[in-house]
Amino acid sequence: MRFTFTSRCLALFLLLNHPTPILPAFSNQTYPTIEPKPFLYVVGRKKMMDAQYKCYDRMQQLPAYQGEGPYCNRTWDGWLCWDDTPAGVLSYQFCPDYFPDFDPSEKVTKYCDEKGVWFKHPENNRTWSNYTMCNAFTPEKLKNAYVLYYLAIVGHSLSIFTLVISLGIFVFFRSLGCQRVTLHKNMFLTYILNSMIIIIHLVEVVPNGELVRRDPVSCKILHFFHQYMMACNYFWMLCEGIYLHTLIVVAVFTEKQRLRWYYLLGWGFPLVPTTIHAITRAVYFNDNCWLSVETHLLYIIHGPVMAALVVNFFFLLNIVRVLVTKMRETHEAESHMYLKAVKATMILVPLLGIQFVVFPWRPSNKMLGKIYDYVMHSLIHFQGFFVATIYCFCNNEVQTTVKRQWAQFKIQWNQRWGRRPSNRSARAAAAAAEAGDIPIYICHQELRNEPANNQGEESAEIIPLNIIEQESSA
């Protein structure tokens, strides 16, 4: 049961953690499954038959051996194809991916002895290829799988907790309301829903081997909603990138943008690839609970997601270019200018989600690969926590608004219960309660005396960052 539990964790991790699992580096990294699903048996057998057909075709097409001295004849050993090999040579290939517990990054060896005969195992005197390394590191991978499994649960739980608090702050404090905060709230909601679905999947589906074997429609529906929310997550990131790019680069500082197009892109468009994927998956690759990543049909969803990330990457580059240009115009010291640029970039990176574009390939080295796994899993599973921290808890306007509300609450509490605060604390509380002390960071608040026909609308964001100055109309 331990092997079954962990193997499904690993299969799910491949599906959840990478924008596209068909990249070359990802295809060379599979994890052990001791109790594979029947559908995957069919897939593995088909791969083996295709490899056998290609091997016999290759053996017929290759010319005769041109070397001197004894050699071992080309052969199919049942799993892999071996070319003519000179005597005394140890040949090797990467492990096949027919079996879920085989690691294709490891190597298979086959020895041709000095007489030109393939090595035979002493126990049965039959030709033998050494496949022992293909699953030699299973215990180490199991231990690593458990760590990554619980890291995912902790990360998504912490993300839900912090995002709910952040969302509550943005909803409760109406003074923070503006178009950019509206985009924040929608993106926060996608993070919350996606993390909830992932936790349900990890807790209820992954360790439940009987449920996966029964393959109910409910687990596929859960998978559908996970894929949909994952796509919504990245497309709301794209909405944030488009909005920031419009404000900073296009410089539409004084006009309110039409948010309905953002709603259509963030919530509506992901339904298209997700629905197409579900239909084609049910017809062409209907594996149990749709846990397998051994299908190119995932490109239907991951292709648009990767496109959104690439677009956001170029948005980030252009935004940073504009920010650096603006900061140069302020004639500040060079070191301070680049410090601001780095700070602005580090704030925008988790928002635009470009870590998959900057570091999309897993290193083949074991140690570097393990470091990569932990770094990428931390970025992925704790991304909601990072976003909530950067865009809510560390935001100056949010901090000032919360402090002002807390100061007002303390004044009301003291007045109600008859406790008289000291003159120093009273002056500090009164100063914190001043509405004009709110720094411009999230959005530039318009004047309070708005026209009557604009009442109830959200104020447009005029200046998204302190370092951006409104250009004079010319």
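From the backbone N, Cα and C atoms, a Cβ is placed for every residue, glycine too.
In Swiss-Prot this protein carries:
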| type | residues | note |
| --- | --- | --- |
| SIGNAL | 1-24 | signal peptide |
| TOPO_DOM | 25-146 | topological domain 'Extracellular' |
| CARBOHYD | Asn28 | N-linked glycosylation site |
| DISULFID | Cys55-Cys81 | disulfide bond |
| DISULFID | Cys72-Cys112 | disulfide bond |
| CARBOHYD | Asn73 | N-linked glycosylation site |
| DISULFID | Cys95-Cys134 | disulfide bond |
| CARBOHYD | Asn125 | N-linked glycosylation site |
| CARBOHYD | Asn130 | N-linked glycosylation site |
| TRANSMEM | 147-169 | transmembrane segment |
| TRANSMEM | 182-202 | transmembrane segment |
| TOPO_DOM | 203-219 | topological domain 'Extracellular' |
| DISULFID | Cys219-Cys289 | disulfide bond |
| TRANSMEM | 220-242 | transmembrane segment |
| TRANSMEM | 260-280 | transmembrane segment |
| TOPO_DOM | 281-296 | topological domain 'Extracellular' |
| TRANSMEM | 297-320 | transmembrane segment |
| TRANSMEM | 341-359 | transmembrane segment |
| TOPO_DOM | 360-367 | topological domain 'Extracellular' |
| TRANSMEM | 368-394 | transmembrane segment |
For the transmembrane segment (297-320) and the transmembrane segment (220-242), decide whether they are in contact, meaning at least 3 CB pairs lie under 8 A, counting pairs 6 or more apart in sequence.
yes
Residues in the topological domain 'Extracellular' (203-219) grouped by DSSP into helix, strand and remaining coil:
12 helix, 0 strand, 5 coil
Determine, to the nearest whole angstrom, how far the Cα atom of Cys55 (disulfide bond) is from the Cα atom of Asn73 (N-linked glycosylation site).
13
Neighbour tally for Asn130 (N-linked glycosylation site), based on other Cβ positions within 10 Å of its Cβ:
15
Residue list, the transmembrane segment (147-169) vs rest of chain: Cβ under 8 Å, 6 or more residues beyond ends.
6, 9-10, 13, 16, 176, 185, 188-189, 191-192, 195-196, 198-199, 202-203, 206, 373-374, 377-378, 380-385, 387-389, 391-393, 398, 402
Please list residues from the chain of Cys81 (disulfide bond) whose Cβ is under 8 angstroms from its Cβ, counting only those at least six apart in sequence.
Ala51, Lys54, Cys55, Arg58, Met59, Arg74, Thr75
Residues that sit under 8 angstroms from Cys95 (disulfide bond) by C-beta distance, when 6+ apart in the chain:
Phe102, Asp103, Pro104, Ser105, Glu106, Lys107, Val108, Tyr131, Met133, Cys134
How big is the gap, in Å, between the Cα of Cys112 (disulfide bond) and that of Asn73 (N-linked glycosylation site), rounded to a whole number?
9
